[in-house]
Amino acid sequence: MADPEGTDGEGTGCNGWFFVETIVEKKTGDVISDDEDETATDTGSDMVDFIDTQLSICEQAEQETAQALFHAQEVQNDAQVLHLLKRKFAGGSKENSPLGEQLSVDTDLSPRLQEISLNSGHKKAKRRLFTISDSGYGCSEVEAAETQVTVNTNAENGGSVHSTQSSGGDSSDNAENVDPHCSITELKELLQASNKKAAMLAVFKDIYGLSFTDLVRNFKSDKTTCTDWVMAIFGVNPTVAEGFKTLIKPATLYAHIQCLDCKWGVLILALLRYKCGKNRLTVAKGLSTLLHVPETCMLIEPPKLRSSVAALYWYRTGISNISEVSGDTPEWIQRLTIIQHGIDDSNFDLSDMVQWAFDNDLTDESDMAFQYAQLADCNSNAAAFLKSNCQAKYLKDCAVMCRHYKRAQKRQMNMSQWIKYRCSKIDEGGDWRPIVQFLRYQGVEFISFLRALKEFLKGTPKKNCILLYGPANTGKSYFGMSFIHFLQGAIISFVNSNSHFWLEPLADTKVAMLDDATHTCWTYFDNYMRNALDGNPISIDRKHKPLLQLKCPPILLTSNIDPAKDNKWPYLESRVTVFTFPHAFPFDKNGNPVYEINDKNWKCFFERTWSRLDLHEDDEDADTEGIPFGTFKCVTGQNTRPL
């Protein structure tokens, strides 16, 4: 039997000291030494020099004590590391264990069983006696909380099959085995999840208390650019998250950043306005570089610009201590959080939209819709238009009314007033000389051209049509198109001559043009449009509308055929004024036209030749820019009281 533990018993422990003391006791009859006095009191004065208190000896003792303490700490650390290493390999299967076949279920059950085991044969499955703390690598965290059972079953062919069954352990044991590195494991689980977006949305709603989709609108394409972006970034290091608030400022005009802890690390919610438009891929790449987080761990979408709830959330959290805000607040947040704007946006006025389209010379529905929608940030009526469910109806009504007003305005003007009105819409800075130089280059006498142009603009019978004749590449179309563009004339194409409505544009224009007339076109003119070339009233068929009778506007033609030289059209010779362009149009070495003809040059040309063209301006039109009825207004004006 082994000696019992403790201090009781003879000859063991501290009792040995007392045996020695009894041996040296005085016996009867012993002679007492002269230098020993029994009656003397022991004061300990004879032990004064027994302890050496010199400095060197004390320092040596302290060093030895420190070394012993350091050694004890190292032993404890090594034991802990060894224990964790054993725990790591003990949690795996036999195939993954470095011990190979020597690792058995008995070893997992208790470390002491290995010392008394005679062999490592297969035994029946037993329960785990106790659980060992996690190694910290995360790979065996779940296994430590489960009970593993190995079952040997006989297969049909006589062999044995090893199967493992596991059941969940106690949740309190799992809470004790939490390790600081578990966030890395859970972040890996996020990366390996089948639906990463759903997992991130669930965690976001659990942390912030609202859905991420309540704050953003969805961009299906990653290439769509936007200046404002809302992002939720998962698994950010706390130190990096603090530095992100400073690093993002140089690239943004506005930054609203919130940081909260989640099971994957720090969860950052940010609303950023960049200095220039970026797409989702560019934003994700930049954030991944700054935060060292994979792009798959980010939710990036543009914010809801018309949601009062979303704007109120950014406003309320921006003034609280949970957020870090820098820069000027976006205008859409200011607009949606001001009560007065919210009241004004609820009322849409169609006349306001019609007035805007009329002032900007817009009659196309697509242009109206696009440009008016861009005013929603600064125009309350445009914002109400976007909120309406009848945008298509309002847009169609606006385009129809604008065309009616434009058509009536044009009909009220004569040619002089219309040219004056068009000149008022063109900027200054033109030069009339390139037009005159180009005519001289083509051999056209300038005085003859002015005389024909004066009769052309007045619509004089037999002088209502001008033909620019010449070979190809002589600048006929360039000269004619620039003239029509300045006067906002209409273009008719003979390709549509099979339709009854191909002349319908003549009803709403002051001047028209047909480019590149062919033999077929001249034959059609000779058969059906002699009175139109004369400048007499004609009847035009319009689609879904009754026939319209009007005086045909002046028509400018370009062609490679001179009808006056062909005997097939003898009746067109007196109705067409011909100017020949025989020379090729010149270009400089850079490919630019030598004679630049644009709206500014035509404005300067008409201002220079105003009197020669017999264009008159009434005194009452001098203050109204040529418009006989002044500035058009279709909105309710405000009454003004004189001082």
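Glycine is no exception: its Cβ is also placed from the backbone N, Cα and C atoms.
Positions annotated as phosphoserine by Swiss-Prot, on the basis of sequence analysis: Ser110.
The region 'Disordered' annotation in Swiss-Prot covers 152-178.
The compositional bias 'Polar residues' annotation in Swiss-Prot covers 152-175.
Here Swiss-Prot flags 179-345 as region 'DNA-binding region', drawing on sequence analysis.
A coil conformation is recorded for Gly470 (ATP binding site) in the three-state DSSP classification, outside any helix or strand. Among the features that Swiss-Prot reports, ATP binding site is placed at Gly470, Pro471, Ala472, Asn473, Thr474, Gly475, Lys476, Ser477, with the record citing sequence analysis.
Residues annotated as SUMO cross-link in Swiss-Prot, with sequence analysis given as evidence: Lys551. According to DSSP, Lys551 (SUMO cross-link) sits within a strand segment.
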Overall pLDDT for the region 'DNA-binding region' (179-345), taken as the rounded mean: 85
Return the member of Ala472, Gly475, Ser477 nearest to Lys551 (SUMO cross-link) in space, with distance defined Cα to Cα and candidates limited to these binding-site residues. Ser477
Given the binding-site residues Gly470, Pro471, Gly475, which one's Cβ is surrounded by the fewest other Cβ atoms within 10 Å? Pro471
Show, in sequence order, which residues other than Gly470, Pro471, Ala472, Asn473, Thr474, Gly475, Lys476, Ser477 on the same chain lie with their Cβ within 8 Å of the centre of the Cβ atoms of the ATP site. Thr558, Asn560, Phe581, Ala584, Phe585
Of Lys476, Lys551, which of the recorded positions has the most Cβ neighbours inside 10 Å? Lys476
I'd like the Cβ neighbour count for Thr474 (ATP binding site), meaning other Cβ atoms within 10 Å of its Cβ, all protein chains included. 20
